[in-house]
Amino acid sequence: MQFYSRRKKLIGNSQTEQLYGHCLQFYGQPPIENISLSEFETFAVDRLKLLKTVENLGVSYVKTSELYTKKLDAEFSNLNFPYKIEADDWKPQTGPSEYEKRRKDHISHFILRLAYCQTEDLRRWFIQQEIDLFRYRFNDLPSKNIGQFLQYNNLHYHTISIDEKKKLMDKLVTSSFAVSGSTVDGKDFYKVPFQDALDLVRTRKVYLNGGYVYIPHQDIVTIVLNDFRTRLSKALALTARSLPAVQSDERLQPLLNHLSHAYVGQDYSIQKSIGKISLEQIDPLSAKSYPLCMRQLHRGLRDSHHLRHGGRMQYGLFLKGIGLTLDQALQFWRSEFVKGKVDADKFDKAYAYSIRHMFGKEGKRTDYTPYSCMKVILSNPPSQGDQHGCPFRHSDPELLKQKLQSYKVSPSGISQILELVKGMHYQLACQKYFELTHSIEDSGFSLNHPNQYFMESQKLLGGPGAGVKVEVKREDNPEVAAEITEDLDSFFQDA
Amino acid sequence: MTTADYDQASLPDLLPLYYRRLFPFSQYHRWLNYGGVTKNYFQNREFSFTLKDDIYVRYQSFSTQNELEKEMQKMNPYKIDIGAVYSHRPNQHNTVKSGSFQALEKELVFDIDMTDYDDVRSCCSGADICPKCWTLMTIAIRILDRALRDDFGFRHCLWVYSGRRGVHCWVCDEAARKLSVAARSAVAEYLSLVKGGDETVRKVVLSDPIHPFITESLTVVENYFSQYALLGQDILGSKEAVDKVLALLPEDVRKKLLQYFQTEKNPEKRWDTIRSMAQDKRMTAKKGHYFEMEIMLQYCYPRLDVNVSKGVNHLLKSPFSVHPKTGRISVPIDLRELDRFDPFEVPTISLICEELDQPKTEEEQDDNMENENKKEAGERRKMRDYKRTSLAKYVKLFDNFLEEMAHSRKGEVLKNSGECNLNP
């Protein structure tokens, strides 16, 4: 990846058309021109915003639904990325041209590769969003352009002859739900090595013979996606190896680091409005602005004057995230535990340490971040006697129903929530809980973090926990960092 | 008599004899070397040994056939497992920078174990097998072998008796050896129809459309069903067995059958009725009802352990290894004689060691003279030795398998060099 150090001559129009002859690409070739630092930064941040949108929409909507597509269309156009192939306007009236959009798409992808190649987690996230993005854009291509795309990218998926189709007619029809006799007659079928279509093989959704699967034209997207995933995965591994050379460039290092931290989105780790919440406010806040998981934990703590480790971690970090100081936290937990079986001495010896640990004041001094919804839902499931976890995921539906009834949620609201739970849309269920308890139609955000729930609720109610600005950790180079963090700050606020 | 009264306690005496005079090292090396096409393929292969007193050693590797022989003759392993071909010599893996030592290739393998069928066989359970339930293995081999060949295009599948209660399949095609974890998992899932553990009653659920793979598999099952299930396992005989079958059916069908079974006691007739009821339902109802097929599959379709097939680095018992509990040798199975294969006729280590002591026949003395000039004394003796025992025909089978692979490799080379292979 040396595009920022090679000299480049001016490129004429015909060459540019060749370079970006298709609105969709596999990102096989890195860009080879000079760009300014500010363009570098803008491109990267814009693409990151796009990928974050892709991630959020993917949680809230089915990835091929109309609503999803419409929302993503809007984001594309806002951020000036290419998305409609008919837009062959090389010289538009206003805004960037199609060529410029495609160039941005190309360059920004490669910049983000630099930021996201370093760890397994980062790679996995980046690949997932780029795949979803690619799928959305590929599905948008009219069918003649698909053939063009395949050819352009040397994907040798051969169509089978009419004779072969006739011979295999029965088999093709019985292998796939979506394939009827007329489909076989009318559409092209591609013969693809089975290794390139594992998802279809695994679920037996396709005819397999002699090591090849026979795929109707409309399903070729799965194949192309697999190809894309493999290529990108390999490329990222290669990128990671040449990263030291890139990182030695001091202009880029801070930005790349910030970009890779951004993937978790707002992590609510540092609060500018620390101490805006007083301990007396916690009880009423728990009823008004806590997500169900935290409300449950708070209730459990108040009732039994104790919480087990999992609960202390989940709730303790949440409290840090809403703005409690270390002293407040210590006071809060001690006062509760002391009402139970723990005396003040024992508390100081056994529990205070772990609270200080949460705030990064002990041990290796990692500043632990409050758990996101994904973390609460997927890791450390609660067992008997535990209060942590996600009630929509981990509670028995009957118990969940009772709890919601006791919190005065309407019967129709409860059934809506239970439907979502049945479909395993736990975050959507919590979002619905938000909407019902705040008496609004549309929450206006995609829920992925308990502290986000709290903040959004406080924003709505005009409470003290709202308007919290997140500060990004600053790196050693203050000038560059200052420039960069301004942009990144504003980005984070939109998340 | 084929068992010659095997006793596990005699292994320490029998194993040295086995590894010195009977184990087919030359063929074994020929197999794992795969024509020497890839450099260090044999050298980077992991073996693991289980020694006396259950001592288990991993990451064994060898530079040559000779080294393999010497080591095995020194250690006399009770069990031998074969693992993956790694990026470096396994016995040097500690010297490799962490993260660089990777499993690169391995045969695609399947392990069918009779204990996985305990819920549907009434004759035996656990580690026991008998001629009646062995049919399940026959069915499994037929179904899977067909699928691996026809559907996946694999041509070199070695089926091996595990030595006690199951069979293994080693798919040795180059394409198979290069499969990723995801691909292996996908192949195993494609081949899986019976899903669920103890708490699942109905383990096979079919819906429209019925994939050609299922249709083909059913054809095989149908060939054996009457003899194996209705007669041998008597699944529609006793009340207990019948109840198990009925539990898989829709409520209304079950009620009708309970009544019908009060008068009709003949299992074949009972089955015919279930069949025709299913067919009738398919004519009238909108949704597909395939319960007669589901029953056949639940009772007969192969149950494989996906985890064994998924991992590139998974270790599996080696062919020609001894099973310590039964003494039987893990021998290749001849698919041309599959229906006649009898696990109780498979030679044990005690038998073949005993056969070694038999005086030579006239035929063998003639052979000796012929081969006198050809090879070194040691190898000559070894060749003669296993040939004198019941192990001979299994080594021959293995030879044929290796010959076919060599032939394929030659074909590939010719193809790649642009010439055409006139001998298909």
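Note that Cβ sites are derived from N, Cα and C of the backbone, with glycine treated the same way.
Automatic, uncurated: that is what TrEMBL annotation is.
Worth saying up front: this structure is predicted, and the values here are computed from it rather than measured.
According to TrEMBL, the protein carries these features:
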- A:284-454: domain 'DNA primase large subunit C-terminal' (DOMAIN)
- A:Cys293, A:Cys373, A:Cys390, A:Cys430: [4Fe-4S] cluster binding site (BINDING)
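In the three-state DSSP reading, A:Cys390 ([4Fe-4S] cluster binding site) counts as coil.
Other than the site residues A:Cys293, A:Cys373, A:Cys390, A:Cys430, same-chain residues with C-beta atoms no more than 8 angstroms from the centre of those residues' C-beta atoms, the [4Fe-4S] cluster site, are A:Pro291, A:Leu292, A:Val376, A:Ile377, A:Pro391, A:Phe392, A:Arg393, A:Tyr426, A:Gln427, A:Leu447, A:Pro450.
A:Cys293 ([4Fe-4S] cluster binding site) counts 29 other C-beta atoms within 10 Å of its own C-beta, drawing on all protein chains shown. Looking just at the domain 'DNA primase large subunit C-terminal' (A:284-454), the mean pLDDT is 88. The most densely surrounded of the binding-site residues A:Cys373, A:Cys390, judged by C-beta neighbours within 10 angstroms, is A:Cys390. Using a 10 Å Cβ-Cβ cutoff, A:Cys430 ([4Fe-4S] cluster binding site) registers 27 neighbours.
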